Amino acid sequence: MYVELVDETGQVPSEIIEQTKEVLAFAAKKLDLKESTEMSVTFVDNARSHELNLQYRETDRPTDVISLEYKPDESEFFFDEDMELPEELLEEMDPFIGELFISIDKAAEQAADYGHSIEREYGWLAVHGFLHINGYDHYTPEEESEMFALQEEILTAYGLTR
């Protein structure tokens, strides 16, 4: 999987940037995503996170990670309008699945609050957002149990334990 990383803050260590690419590629293999899959991750500060949270979620505060899933729109492609394209073909035509915005301020706060490393927190946020982009959620206890178990399984197998 190709991951484009942008550090808007200029404060994220290169080790965290590399770890983020690696843990997302690891998670993509776990979900059997195609190698051609693409996504982006942007590291932001709390001010930008607040702005994005308000814009996309109508929530007036910063948050740790914002996940924006991208689904290709059939109207973007030229073909007979009576023709329906299979999901697999749409994915091949546009392999971009979404983007994450991770707040470096929230990552530091939460690592301290939970008593684990900053590396673990960045990994947790990246995998959490990645799973949201891939259809996982935690609105119900059942969904939460499934998502968090998979998230922990990925992080532990990768080596980011508590």
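Placed from the backbone N, Cα and C atoms, the Cβ positions cover glycine too.
Straight from Swiss-Prot, the features:
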- His128, His132, His138: Zn(2+) binding site (BINDING)
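Features as recorded by Swiss-Prot, highlighted on the structure.
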{"residue": "His128", "record": "Zn(2+) binding site", "contacts (Cβ under 8 Å, 6+ apart)": "Val65, Ser67, Gln151"}
{"residue": "His132", "record": "Zn(2+) binding site", "contacts (Cβ under 8 Å, 6+ apart)": "Ser67, Glu69"}
{"residue": "His138", "record": "Zn(2+) binding site", "contacts (Cβ under 8 Å, 6+ apart)": "Glu144, Met147, Phe148"}
### Task
Please report the DSSP secondary structure of His128 (Zn(2+) binding site), reduced to three states.
helix
### Task
Compute the mean position of the Cβ atoms of His128, His132, His138, which form the recorded Zn(2+) site, and then list in sequence order the other residues of that chain whose Cβ is within 8 Å of it.
Ser67, Gly129, Leu131, Tyr136, Asp137, Met147, Gln151
